[in-house]
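Please read the structure below before turning to the comments.
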Amino acid sequence: MQNSENHHPHHHHHHSDTEIIGNDRASYSGPLSGPLNKRGGKKSARFNIPESTDIGTSAGAGAKSNDDAYVEITLDVREDSVAVHSVKTAGGADVEDPELALLAKGLEKKSTLGASLVRNASSRIRQVSQELKRLASLNKRPIPTGRFDRNKSAAAHALKGLKFISKTDGGAGWAAVEKRFDEITAPTTGLLPRAKFGECIGMNKESKEFAGELYDALARRRNITTDSINKAQLKEFWDQVADQSFDTRLQTFFDMVDKDADGRITEEEVREIIGLSASANRLSTIQKQSDEYAAMIMEELDPNNLGYIMIENLEMLLLQAPNQSVQRGGESRNLSQMLSQKLKHTQEPNPLVRWYKSFMYFLLDNWQRVWVLLLWIGIMAVLFTWKYIQYKQKAAYDVMGPCVCLAKGAAETIKLNMAIILLPVCRNTITWLRNKTRLGSAVPFDDNLNFHKVIAVAIALGVAIHGLAHLTCDFPKLLNASEEAYEPMIYYFGEQPESYWWFVRGVEGVTGIIMVVLMAIAFTLATPWFRRGRVSFPKPFHKLTGFNAFWYSHHLFIIVYTLLIVHGEKLYITKDWYKRSTWMYLTVPLVLYAGERLLRAFRSSIKAVKILKVAVYPGNVLALHMSKPQGYKYKSGQYMFVNCAAVSPFEWHPFSITSAPGDDHLSVHIRTLGDWTRQLKTVFSEVCQPPPNGKSGLLRADYLQGENNPNFPRVLIDGPYGAPAQDYKQYEVVLLVGLGIGATPMISIVKDIVNNMKAMDEEENSLENGNGMSNAAQNASPNMAQKRGKSSSASGGNSFNTRRAYFYWVTREQGSFDWFKGIMNEAAEMDHKGVIEMHNYCTSVYEEGDARSALITMLQSLHHAKSGVDIVSGTRVKSHFAKPNWRNVYKRIALNHPEAKVGVFYCGAPALTKELKQHALNFSHKTSTKFDFHKENF
């Protein structure tokens, strides 16, 4: 639609809009009211009368211009409605034609669907145009295509993104398509079969069905009835598919729906395209409910029950969701412009200055890790140097040389590291230090498992140096030493050994070799490849991978520590007991760790839990709701260990707590990823009942007071234990990111934020009424009383400071949204102040703008507007498609919260860690907003 405005300071202003549709001409003229005019105004429109109508022949005789007959319609355009003022022929006579009466009646109806588009005079005229075209289509005239230019209209920009090939599927262009055509058609004499069309144009295998429908639509328009095409025909197909114009895109989509090519879309055809789109996006729920959604579209676009809709009706539906995307796109562009200068990478010309800045940024972001590592490395260096100098002054140095110094120096570091490697896994101690002291501000407790792994590497290096120095240097020198040189060694080794075997078969040799073998087994099975089951072996060796293998192999260290003490007591060269220091290094850590294990066993036995509810969700997720032991206190973001004797009496596995501290129960959501979790799901599935007819398709079982209850397996819990996410209350603004089942700690935080906000409201109401804090508020937020009294623990982490939370949940499957549907709805309903901004991303759905998700986007907007429920997630939270643009996420938060300190908490696959952390560093360095990145570690 083309708009023209003529402004002159001394003349009355008029506004005219003209739209040319084939041979039909519609012109609008009237006073210019402008987009801000609230009074409305009258608009006149002249429309060509189809020759097939009565008025086109009777009234047109005296009103023809350029061989066309016109009818003049005067409209009263107001803020939210369009009313017909009069309908006359061009000659001025009133019209009584039945069709025009129907036209007038239709124009007087308010458009519910298009209400969001009616923003100014121009958009109101466009609405009228749509209604006129829809009613004119009752004359069953052919729909002309490609005859009008919308390149400057808002609709063109909104629908420019209706791409039929995603960025990843078809961005290579015609050259790549032509190359694939030549490869595919080499054995078929230059003809491309329908089944290979999707592959040829770059679509993946999962879109094969969609590609077939696209082929049929393109072939129908060209009257191609064969199941194969040549290169010239493929070029025509590609030109239409790759065409960015509004009309080509819309017409292609219409052709895909209108399979019988009669120019109308029936409910059956709508149902088919919904099923096709749902299948392409792996949305099984929508596919099952295609009848319901097809009926919803027909109800909205066919209010007169004609049994079909035209392309204009489809266009109106298409305009809804993409228009929102245009707004979001504009916002994104504004964000980019506002931060472009700050985020623009500028190369520092001086390499020394560049290096200094990088180094200072590194220290600023990692100073906690740096000082701990420097202290640890410094202690190892001191111990190694001390032992080296000590043995250099002994008689053994004259025989074995520097080798004995290297071996003993490495041994001293091994003793240190075998002692401190236990400290990072003393979870109760670490949790107590996090909660009760201020050490968390200086000690990176979040990196406890990473430090544990680093120490393990240092032990491996120490063992290698110690063993190789003895086996390849010290022992051969003792065997080959002369009698005179060996004489000082008789006191330590006895008579000079005659063979290498003498050293190996001794207590020192046997214990050393066994320790190395056991350590190698434990280290190997603890690597990500074995622990996560990425390595597969044939039976019966398949049990050597997975978490069970890791868990049991790690307990070999009970034997290792026993042998280490024996090994340290049977030293050849050191005879005085008080100089054998192995037991001195190990005593305190071993006692501490043993105490932790005893505490875990004792605590789990006295704090029994009762299973209240079990549910098995899509995506192989088991939800366990348990009774809350008396006095059991925890923070959102923390985790606990779970043991089920029916699966394994000895294994304990960590899981994030998904309930909030204010809830009267405990809950965990466990995804089947390994052997133990698979067996656990099997055990609990056996006691669950299949869903009754018409109910949710979930396996579930509930504990009901006084009734026959299922025989639930016995479950023990141990915890809670500290985790990075528990510190979210220290930040006024938090960004919570969960990938798949990694949303579990974030869900607890979301619930806790809602409970805290609710408690604060209740507290304010109670204070206004002169009462103390209500019991409900205390239960919802146990820490609120401390905040009110300005008292907190030494850690200062109990006060609730969070004022804004952004929650991003990214999952691959639609069924995953069922895991926390109730919690998401509760949060959306209770968050009256808009504290929590929730975003669900379903990566199985093609990105916005891809035709395979175009109809899903339309359905989503229509259904959400009518019922407030998202069709993808089944919650009040509207879902997004494909993956988030994390850079834009950080941008928006940086703009919304300048000078703020934002806590970023992530739980999920390691692949995303690097990107999120790098964005946090970049935006912290280049904007006034500081992002603190935290990752969950188990």
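Cβ coordinates come from backbone N, Cα and C, glycine included.
If you look up Swiss-Prot, you'll see 1-63 (among others) marked as region 'Disordered'.
Per Swiss-Prot, topological domain 'Cytoplasmic' is recorded for 1-369 (among others).
Swiss-Prot lists 245-280 with the feature domain 'EF-hand 1', giving sequence analysis as the kind of evidence. Regional average pLDDT for the domain 'EF-hand 1' (245-280) in the model is 70.
Feature annotation from Swiss-Prot assigns domain 'EF-hand 2' to 289-324; the stated evidence is sequence analysis.
Under the heading transmembrane segment, Swiss-Prot lists 370-390 (among others), citing sequence analysis as support.
The feature topological domain 'Extracellular' is assigned by Swiss-Prot to 391-402 (among others), with sequence analysis given as support. Residues in the topological domain 'Extracellular' (391-402) partition by DSSP class (helix H, G, I; strand E, B; coil) as 8 helix, 0 strand, 4 coil.
Residues of the same chain lying 6 or more positions beyond the ends of the transmembrane segment (403-423) and with a Cβ under 8 Å from any Cβ of it are 376, 379-380, 383-388, 390-392, 394, 396-397, 429, 452, 455-456, 458-459, 462-463, 465-466, 469-470, 473-474, 477, 561, 564, 568, 573, 581-582, 585-586, 588-590, 592-593. Feature annotation from Swiss-Prot assigns transmembrane segment to 403-423 (among others).
Summarising the annotation, Swiss-Prot assigns domain 'Ferric oxidoreductase' to 408-565.
Taken from Swiss-Prot, the feature topological domain 'Cytoplasmic' applies to 424-454 (among others).
The feature transmembrane segment is assigned by Swiss-Prot to 455-475 (among others).
Long-range Cβ contacts of the topological domain 'Extracellular' (476-509) within its own chain (Cβ-Cβ under 8 Å, at least 6 residues beyond either end) map to 395-396, 398-401, 403, 470, 566-567, 570-573, 575. Positions annotated as topological domain 'Extracellular' by Swiss-Prot: 476-509 (among others).
Feature annotation from Swiss-Prot assigns transmembrane segment to 510-530 (among others).
Packing against the topological domain 'Cytoplasmic' (531-545) from elsewhere in the chain are residues 525, 673-675: each is 6 or more residues past its ends and has a CB under 8 Å from a CB in it. What Swiss-Prot records for 531-545 (among others) is topological domain 'Cytoplasmic'.
Through the fold, the transmembrane segment (546-566) approaches residues 418, 507, 511, 514-515, 518-519, 521-522, 525-526, 530-531, 533, 582-583, 586, 590, 648, 651, 653, 674-676 of its own chain, all at least 6 residues removed from its boundaries and within a Cβ separation under 8 Å. What Swiss-Prot lists as transmembrane segment is 546-566 (among others), and the listing cites sequence analysis.
The annotation topological domain 'Extracellular' is assigned in Swiss-Prot to 567-580 (among others).
For 581-599 (among others), the entry in Swiss-Prot reads transmembrane segment, with the evidence type sequence analysis.
The DSSP breakdown of the topological domain 'Cytoplasmic' (424-454) into helical (H, G, I), extended (E, B) and coil residues amounts to 25 helix, 0 strand, 6 coil. Within its own chain, the topological domain 'Extracellular' (391-402) is flanked in space by residues 408-409, 473-474, 477-478, 481, 485-486, 488-489, 492, 573, which lie at least six positions past its ends and keep a Cβ under 8 Å from the stretch. Sequence-distant contacts of the transmembrane segment (510-530) (same chain, six or more residues past either end, CB-CB distance under 8 Å): 456, 459-460, 463, 467, 504, 544-546, 549-550, 553-554, 556-557, 559-560, 563-564, 566-567, 570. Counting residues per DSSP class in helix, strand and coil order gives 25 helix, 44 strand, 64 coil for the topological domain 'Cytoplasmic' (600-732).
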